[in-house]
Amino acid sequence: QGKKLSHALRISAYVFSAGLLMFTALVNSVSWFMQNITLGNFWQTAWLEFYDHMEGDEWTIFLIGAALVPALAFWGFNGILLVADITGKPTFITRYRIQLGKNDPVDTKKLWKAIYTVLGNQFFISFPMLVPMFYIMKWWDSTFSKELPTFQWFLVELSIFTVVEEILFYYSHRLVHHPVLYKHIHKKHHEWTAPIGVVSIYAHPIEHIISNTLPVMTGPMIMGSHIVSISAWFSIALVTTSISHCGYHLPLLPSPEFHDFHHLKFNQCYGVLGVLDFLHGTDKMFRQSKAFERHKVLLSLTPLSESIPDPPKKDE
């Protein structure tokens, strides 16, 4: 047994080392290509032209980068989904619905209520919160630099932003699930047991501050990030949370099964990445479900609800 264990450990170490070397080589190659061919010259030139066009007006630049661009990304992506939610077309999208028979079509009265709330959260909470953030970023004296960060550094920042968001969102999300807070705050978000994309920021104002906005803003404020990095991160965060709520498991996009299961079962899957849920055991029910089997990137055109269907109900 000792020899078998030793042999297994040696093989594992070899495979891990080889995989790590290959991964490092791939990342370095992609980073070099993006920095020196794709990103470097084009984006640096475009940034300088934009900066000169704005005559160095940092407040306007900050509003465009941190508010306008992410808002356009959010509504552009959700606009496509809303067409499918309201009309049921194109059928290419609606075939991939996770909770079959739900939002087919969506309740328009309920939808308009959600849209009004989302717009209110954006205009009266998210945008005003950018004012103190602007002065914090000015203190760093690097946010409006004429030199863009390297692509490699942006990847480092993106990793840190993601970890910070995971920690802050997981614990603040569990906090608003406390019975005292849930009734008055978080219950609003859970009106949608089968969520759609725009519902990602349909929330009570207090929840929107502590769970939606601060977890995303904190990383860039800690790192003193460039406005271009902030703009990209805010846009990515808004689109990915929309995917998590969209109700469709579409080909090549990140799996939304994890958070959709949270809306369905309420007391599972509190985080974004699932790491803290695994450590705290708040994903046990999810891991025993068919949704967990479907929690992967779909690489074919066959909906996972067809290839990995739910077990038949007892009365069927």
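Note: Cβ is positioned from N, Cα and C throughout, glycine not excepted.
Pulled from TrEMBL, these are the features on record:
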- 160-282: domain 'Fatty acid hydroxylase' (DOMAIN)
- 12-34: transmembrane segment (TRANSMEM)
- 59-84: transmembrane segment (TRANSMEM)
- 114-136: transmembrane segment (TRANSMEM)
- 151-171: transmembrane segment (TRANSMEM)
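Residues 50-51, 90, 93-94, 111, 122, 126-127, 130, 133-134, 137, 143-144, 196-198, 227-228, 230-231, 234-235, 237-239, 242, 246, 248 of the same chain sit 6 or more residues outside the transmembrane segment (59-84) yet have a Cβ under 8 Å from a Cβ within it. Taking H, G and I as helix, E and B as strand and the rest as coil, DSSP gives the domain 'Fatty acid hydroxylase' (160-282) the counts 87 helix, 1 strand, 35 coil.
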